[in-house]
Amino acid sequence: MMQDDRIAALATPLGESALAVIRTSGEGTLQALSRGFSRPGTLQEAPGNTIIYGWLQYDESRRVDEVTVAVFRAPRSYTGEESAEIYCHGSIPGIQKIMELLFTLGFRQAEPGEFSLRAFINGKMDLTRAEAVHEIVRSQSRKAQSLALNRLSGRVFEEIDRVKSRLVDIMAAVSVQLDYPDDELPGEDDDSGYVRSLIPMDTVQDAVSGLERLVSSYRSGRLYQQGARVALAGQTNAGKSSMFNLFLKEDRSIVSNIHGTTRDYIQAPVVLDGIPLSLYDTAGLREVDEIIEKEGIRRSGQVIENSSVILYLVDGTNSDKSAHAFDEKQLERIGELNLPCVKIWTKTDLPQCAPAPKGFLPLSMISGEGFDRVQQAMMEALLQGERLAGDGDLVIDSLRQKQLIDDALDGLQQALTSMEGDQPLDIIAMDLQRSIRSLGEITGEVSSEDILDRVFSGFCVGK
Ligand SMILES: Nc1nc2c(ncn2[C@@H]2O[C@H](COP(=O)(O)OP(=O)(O)OP(=O)(O)O)[C@@H](O)[C@H]2O)c(=O)[nH]1
Ligand SMILES: [Mg+2]
């Protein structure tokens, strides 16, 4: 991507709408745009943060659209460059005509994420904030959006920066000592008390716990942003479709007392505690010869294997021994696949229902009794020991950030081990330096084309 030319892109979805926004940026944007504008002088002279009304046109006889143009002067714009946002009518052919006009005026189509890349390069935001912009756009639930807003406001940056600056202070002292080993202080192979005075253990320990907190927030960050796949599984008539409907609060999947009612699996989205879930009702598991039901069971098996958590339902009124053996076999398989699973004992409202065995949660689809506990258990299974984040919590959602924090942690732990093993100062210094570098990569202070490409190429065009 070049940085010294002018770019343009539609920033809103391409479709019919009252308004659409086309974003432009780059040095000379207003000058270039004014050549296709009904009031060139006004546009060229407009101060930053103002809005100018007029027509986009090739000339008076070839008008393209009636628009307003928001004017931004460098560095007070999203990208930090001179830029303009064109508010036009949201018609697909109209937008296409405007883009064609812009190309003849010397703009080129922006690459995905190019506006944000320029913002980063011009020092308008660090990489964690740029990633947050993308995460906000992508958020599927209100909670995910709130958490991404926290990141946009710079909280990841601040936390990383806090840890990093303490390590940099330590490294500064260490470097002096490595450069001038003969100064009054004892040499490097002296007692470990001296190394510890240069590198305070509790500061390193504190950095470790700060970073560990961030890493552990990743699982719940992921859940909020990407959601999870939940499969309802079990034998025919166990109550899967009834439970599916209970989740959706609507009569969506066919429920009947005929075994094998559900054949094709059914998927529906549902948001629970701010986590977007993809819920699957599957075909009841049983031995069959009938070819269509068999295929339904096979496909359901794939859904089950690819889910993040399985809710396995067992009909509590079924006293048939072979049915229990069948369930045990299925649960064993799920266990072998290492999939989180919540076991549910259904139809507890019926008098013939046996008490729930150990490890099963009792549930009645009729009264809804036990449903809260089941949902809670499902969340626990998804979070695997992490707690759910509150709105104000700092939660990371970028795999890139998580991996770099892991690298930084690795360096710090290595440094701590070396200190305990009375290793020479330069060895410990290398580990600290590695951590500092990884932390710098998170915010983009240390960056390469490769890293930037990875971060910004996933963005949408116009961001
Ligand atoms: N009393 C009572 N009846 C239930 C309960 N759950 C399900 N049922 C009934 O059990 C029967 C089977 O329920 P479904 O939800 O269709 O069962 P399924 O697991 O989807 O069955 P298949 O689609 O055949 O695999 C229906 O008649 C439901 O009304 C429950 O908790 N209490
Ligand atoms: Mg069903």
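Cβ coordinates come from backbone N, Cα and C, glycine included.
A TrEMBL annotation is a machine prediction, not a hand-curated record.
Fair warning: this is a prediction, and the values are worked out from it, not measured in the lab.
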Which candidate from ASN237, ASN306 does TrEMBL annotate alongside SER256, ILE258, THR261 at the K(+) binding site?
ASN237
SER256 (GTP binding site) and LYS463 ((6S)-5-formyl-5,6,7,8-tetrahydrofolate binding site), Cα-Cα, nearest whole angstrom:
49
How many Å lie between the Cα of ALA283 (GTP binding site) and the Cα of THR261 (K(+) binding site)?
8
Compare the Cα of ILE258 (K(+) binding site) against each of the binding-site residues GLU85, LYS124, ASN237, LYS240, SER241 and report the nearest.
ASN237
Are any of the binding-site residues ASN237, SER241, THR261, LYS463 near ligand 1, with a Cβ under 6 Å from it, and if so which?
ASN237, SER241, THR261
Binding-site residues (ILE258, ALA283), the one with most neighbouring Cβ atoms at 10 Å:
ALA283
If I take the alpha carbons of ARG23 ((6S)-5-formyl-5,6,7,8-tetrahydrofolate binding site) and SER256 (GTP binding site), what is the distance between them in whole Å?
55
Using the alpha carbons only, what distance in Å do you get between SER241 (Mg(2+) binding site) and THR262 (GTP binding site) once rounded?
8
